[in-house]
Each structure stands twice: as structure tokens, then as C-alpha cells.
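Visitor: The feature signal peptide is assigned by TrEMBL to 1-23. Among the features that TrEMBL reports, domain 'Gnk2-homologous' is placed at 27-132, 138-246, 276-376, 382-492. Look at TrEMBL and you will find 519-541 tagged as transmembrane segment. Annotation source TrEMBL lists domain 'Protein kinase' at 538-840. The ATP binding site annotation in TrEMBL covers Lys642.
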Amino acid sequence: MASYKLSFLIIIVILLSFATTEAQDDPFYLYQYCSSNRTTANTSFQLNLQTLLSFLSSNATGDTQFFNTTITGSNPTDTISGMFMCRGDVPSNLCQACIINATQRLSSDCSLSKESVFWYDECMVWYSTDSIFSTVATTPGFHLLNTGNVSNPQSFMRLLFLTMNQTAEDAANTPVGHKKFATREVLVSELQSLYCLAQCTPNLSPNDCKTCLVEIIGELPSCCEGRIGGRVLNPSCNIRYEMYPFFLSTLPTPRPKLVPATNLSEADTKFSDDPVYLSHNCSSSETLTANSTFQNSLHTLFSYLSSNATNGKSFHDAGVNDQVYGLFVCRGDVPSANCGQCVLNATRRVFSECRSFQEAIIWYSHCLLRYSHRNFFKIVEKSPAFSKLNVTRFSSLDQEQKFFIYVLSNALSKAVIEAGDSDERYGTKSLKLNGLQTLYTLAQCTQDLTSDDCKGCLGNVIGPGIPWSHLGSVGGRIIYPSCNLRFELFQFYRDGDQATAPSSTPSSPSEKRQSKSRLIILIIVPTLVSIMFFSVGYYLLRRKARKSFRTILKENCMYCKQNNNLKLCFLSFKTLKTWFKNVTIFVPVGYGSAILEPLQFDLAVIEAATNNFSHENCIGKGGFGEVYKGILQDGRQIAVKKLSRDSRQDSKGQKRLSWIERYNIIGGIAQGILYLHEHSRLKVIHRDIKPSNILLDKNMIPKISDFGLARIVEINQGKENTNKVVGTLGYMSPEYIMFGQFSDKLDVFSFGVMILEIITGKKNRNFYQSQSIDDSLLNYVWRQWRNQTPLSILDPNINGSFSEIEVTRCIQIGLLCVQQYPDVRPTMVSVVSYLSNHLINLPSPQQPAFFIPMDQKTIAQESRSNQFMGSTLLSNNELSISEFLPR
């Protein structure tokens, strides 16, 4: 646990300026009260009031968070008492800024009132002609609430009253003159917490403070029953509760380090004009038939929506024949052309994926589109949801971690208020963390919601939607059907306030033309000369390199033809980097269009490229030998496996993996398979997902390799048959090995087996070599699952601590993937959602597929006797030997 906390500190650390100046925001105004008892202008009362306000603001320095004083007038009715109090966790510089803002606003808005109170999120300023010291003032007062609803109001309100009364006791039990401020945090569920705050003015006695707090706690049922957040304030005391960390009990000791951003896909780490597909969800009841009236109406609806998007609208809802209702909403900063393209892409994809369902939703980076057989307009809906957060297994945060979470939650809450108050239901908030980094937040709702409904929906995201005590990332997003939030350390949205600063002194038109001409000449001429010299030099170098490389090819081809017993022939590969960064696709490379066959190299060329297979160039060890990195004479990088009969898989290395490493590997493999199935330009079914085909780089990031058995299929193609079953025993699904039927559910099955292998540390192949069906890995895991002892299968060699929740969910996901019938197995889209969002309830797995155990000799005999349909090729869980043929 200590080592994991240290790694978390590396992710969320704060500069000195972060804790003092740069991470501070402007004071946030809440409410004001100006009494109707007013005086006339230009009186001694006004002069005394200005003196009082000036005195208050000048004393809001250093660590002073509470101050009271009285300005005595010549007339008793002109005597004014006043005080200010800052929230107990607010830094001194923000406290001072809040008092200055409040006193300035009091001076302009309430200068004639005999009593006034201004409340900010960070402070309170109060003055009156009555005596206000050492007395409990419960009026004037007001309350605010988060309009989001809790799932279980009765139990939640019991917990709220218990916690709030305990917080009030803590705040009241301090002597007069000391800070009467207290906070508490309690668990509501495994991933959700309740945060409570209570405060009194320090001039009150403990008994008066308790009396004041108890009275406003009693107002919670009338103002905030069943709500996920609320506050009650009066001049002498205030309380607040939320389901996100809005306070900070102690300021941390800053550390001069940067805050690294969350690892995201390349297409998602910068603002892009191209819409990026995120996820989709179809309703669970498949009741429609092809060419039904509903489908015809759905097609008409999509035409309405896409045409309105291309015509410049960023939001539109429509219904067709009282049968189907739908809407789209584009992100508030997206230009109309990009919005139209996003909606067009969404209509095409969701119709392809979900046209036989009565309800569906699809999310892109630039837009959201949904439809349903019911009228859902102007209704706040929170499911289904898409979430991309880094949820950790620990919940004990130190002060530095709590400070960052506090800064993030407050920035999000202000973006929520901005979105709710705007007509477009869209708001952004940026906050400078340090000299190099800025936090960017975005909040948005569908425009059919009212302001309160929008704030309530987004409040549910900030509260129950984010597991704050388990949040381990600086970057993430949660998207509900009615609203969404996102926060990153890079600017992922367009800023409408960007503009060119004007010149300090105006210039005449002739001066502008002359200056512009000189500037153009100074830029264009050197640039053209540089480009010309660079092009000539590059052409000469390229020509020389091409000639040298062709000579090498010619020599190697002649050498291979003359030496049929050549022991080392190697394919030259290049890496096709995908935006998902979890799949590495190797394709043969020819140096020119005439070279179409795999290349062969002399052993001397390979030795020169790898520095004679030096230890420094060794990048891994797998089936049949070690892998070395090499660089050819033309600069291309290659990977070379040096074959060895004595080599075996590195089983000891696996035992050293911690749970978090195994969990990240599982998630990385899932993302890679998802790319092949959904995001690749051509849909690919791998057909040989197994441990030996997963490569790990130096950062333990998995890459899927060996596409020799892969098949390219149509995007919307469901199943395909083959007479030649190829794959690895133990990882092939039953419908594939028995009937030759394969689909993306074949890869899902193989992935499920791998999950269970990674968790147990055992190979499924070893189980299959047993003579008893009860000894199969799937049966073994299923038996422990049915006995409600899933953790008993966990590999005892796992290093360090682990999360029981994550392990249990992974076991359940693995069992869902290896179910006997392909139709009930989840898609990789669902699997990735299960792994990335712990709030999604998983379905109960059905009985997994079981095979009759056979040794390899029996399998080979049955294969030769054509017991299976066609010819069946089975391999061990070792390095696959692939035959490259044109598709």
C-alpha cells in the first residue's frame, strides 16, 4: 500500500504556487440580504458604514479568518457593528480576496440598509445597527440544494443526520475565540462517500454554537430531503453536505513537481476536428423484426436529425409517428460542419448496430445521439452511462491527494453552475495549476432540460458518479444520456475567448503595407532557399540509401537460392502504429512496389543489425528463444528472435507480477481486441488470442501480435464458417472447434480464458492434458464461483496487495466471456466498459463451455481421421508458425 501511495503522489503532486496562488480561483458569490430598513443618502450612517467596511477589509490579512468591530456614531442609530468570517479550510489569500469582494459589493448594493449579510462560498460579511456580538442570529438565512436525488433516501437521510450531528459536536466543542469549524467524511457505499461541514462564528459559546447548528440541521428535511447535496446558512452558523469533497481540512506541504496527464489514445489527447467513437448501448429487449414500421420510422428520424445537424443546429429533438423519439446534441464548442459529420457518423453506426432494438444511445467525442420508443424529452436520465476514469483500489488519501481532489471538484462544480445558467446548457472552467499546466473542465446538458434539471443531472455526476476517494487519474469523463462532464490537463475544447491583441499604437495604411511587404519577403525568401537545399540533400541521401539497400536484397536473394539449408531466414517488419496504442500490427515491407514477398537476410546482416545479438539489444524472451532489437543499414528497426531448443516461457517472470500490473495487462489486451473489432478500418478477428501472442513492452503495456491466422470480415458481418479450423487448444470456442463457426465472440472466448489464466497463474492447456473433465480450468473456476469462494483461485504468487472488488469483477468478466453459447457472451465494447467503470452492474454468468479432455496424440489422430468438419489444425500455447498468404 505504501508503494502504491508513493506512485499516486507522483501522479498528483502540487507545486508551491499550486497551494498558494496559481490554483486559487475567484471567490464564488452565493446570496445577499439587504434589509428594507433603510436610511437616506449622504448621512453619517453611510460614512460610518464606509469606515466599517474599510476597517474589515484591511484586517483580512495574514491568518486572520475572523474579525469583528464596532464603529460608534454621534447618534446611537448611526452606530454599526460588523464582522467577517472565512470558511475554516480557505487559504489566507483567498480569504482576503473574498472579504474585499464582499465589502465592495456591500458598499455598492446595500449602502443604505441598516443591516446586510453577504455570503460567498469562501466567506461571510455581516453588519447591523443592532448588537450582533455573542448572540445567536438565525435570521436572515437561506438554503441551497443540489437537485440530484439519492438512490435510497431513507437510509441516506439517517446517515446524513447522524454524521451532521457528530460534525456539529466537533465544531461546537472549542472555546470562545477559537475556530469553530469541523468536517467529516463517511462511506455511503464501497465507492461513494458523504462529506459534511459545520461552522459557527468564533464569538459564540460552545452551547450557543450547538444550539445554532442543531436548529439549522433540523431544517434539512424541509429543504434537502433525498438530495445529494445541500447547505443551510444564517449569520451565526452554517452547514453543508455533498457527495464530493468540497472542503479541505488541512493544507498540504507542497512539492515542486508537475502533474502528469492520464494516458489516453493519440486521437483523444488533443483537440481534433474528427469525431472519435467512444461507445454505444442498445436496449436489452430485442423485439423488432426487419423492415418493420418502427424501423421505417427510425430511418426517417435519423434523416431528420442528420439534416438538422448539417444545417447548423447543435441540438435537435424530434418524434416520428408517435413511434420513435430521438435527439442529438453536439459539444458546445464544435463547429457546425464537424457537428454534422459527427451526427451523420452516429446515425449510420447506431442504425447498423441497434436497428432491431427499441432504444439505443451512441457517444462520440463531439456528439451524442439517442432514440427510444418512449418520449424521453425534458426528462433527466442517468443510464446507460459511459465512464472513462482511473479508479484505484485504495481509499486512504493523504493531504496532497485530498488537496488536488478538492481543487478538481470545485472546478467541476463551477463548470456545472455555468452550464446550468447558460441557454446552451454548456460551460467550461480552466484553472492554472502551475507555471506549465492548466486544468480544463467541461460540463454540458441536453438543451431540452431546465436550468435546475441540468444542474441536478450534473450534480449526480459530480456526486455519486465519481468515486472521489478512489480516484487515481488526472483526466477522465462521465457521460449520461442527459448530461456529461470531462476534465483533462490539456485543452480538449475550443476557447471562444481567444483573440489577437491589438497594436499599442495605430499605423497608417501605407506603413502597414510597407511593413507587411518587408515581413513577407523576410519570411518567404529564407524559407524557399532552406527548402530547396534540404530537398536536394535529402534526395541524394535517399538515392544512396536505396541503392545500397537494393544491393543487399539482391545479395541475400542469391544467397538464399544457393543455400537451401539456410538456418536463419527472417521477415522484415515495420510497426503500424494505431491510435489505440494497444495493438501492434506487423506487415511485410518491400522497398518498392516490385518487392511483394517476405525478405530474407544473411546471418551476417542480422548479426550486424543486432550488434552480434548483444545483451544490450535483448528486449524480451518468449517461446523458442530471445528477441533482439536491430537496426538495418537503411535505418529501419526490426525485431529478431534467435531460436533455441532449450528456451521456454518465462514462467518465473509471471509470478513476479503484482495485481495492478496484471489488471492493467487485462485492460490493455481488452482495448487491443476492441480496436480490431470496432475501431479498425477493416474489422479483424484474430482467431489466436493466447498468452504467447501478447507482447509486453518495457512499461508492461500489452501489444497483440501474430496475425497469421487473422481474418478480415465485414463491419456488420455476424458469423462466418470455415472448413479449416486453426488455432490453439484451450483457447478456441466450442462452436468454432466443432462446427467451424467463428465471429468476434471467438476472440471474446479466448480473452476470457486469458483473464482466468492471468488471475490463477495457471495455464488452461495444462488442465486439458488431464484425463478428468473436472480438472479443466473453466470448470475449476466455475465451481469456486458457484461455491461463492472466487478469491480462492487467485494466484498465491501475486506480489503486494490487491483489490478484492477488482479481482472478483475480473473473474466474473472472464466467466461471462467463456459462456457456452456465443450469443450470451458480451461484446468487447461491453467488456471494456465493465473493466473501466466499476459502477456498472455485471450480469450473472452462465455455465461455461466444457470440452472432453484429450491428450495431443488423440487430437492428432482424430484430426487425421476427419472427426471434425474439414481439416482441423491445433497448436500448443507457444509461438505460432504462420503461413503468410494473400487474403
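In case you wondered, yes, glycine gets a Cβ from its N, Cα and C as well.
Surface or core, plus neighbours and distances: that's what I need for these features.
Guide: Note on the domain 'Gnk2-homologous' (27-132): mean pLDDT across this stretch is 90.
Taking a C-beta cut-off of under 8 angstroms and a sequence separation of 6 or more, Lys642 (ATP binding site) has the following same-chain neighbours: Phe613, Gly625, Glu626, Val627, Tyr628.
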Visitor: Just give the helix, strand and coil counts over the domain 'Gnk2-homologous' (27-132), going by DSSP.
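Guide: Residue counts in helix, strand and coil order: 36 helix, 33 strand, 37 coil.
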Visitor: For the domain 'Gnk2-homologous' (276-376) and the domain 'Gnk2-homologous' (138-246), decide whether they are in contact, meaning at least 3 CB pairs lie under 8 A, counting pairs 6 or more apart in sequence.
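Guide: Between the domain 'Gnk2-homologous' (276-376) and the domain 'Gnk2-homologous' (138-246), contact is absent.
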Visitor: Could you give the number of helix, strand and coil residues in the domain 'Gnk2-homologous' (382-492) as assigned by DSSP?
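Guide: When I sort the residues of the domain 'Gnk2-homologous' (382-492) into the three classes, I find 38 helix, 30 strand, 43 coil.
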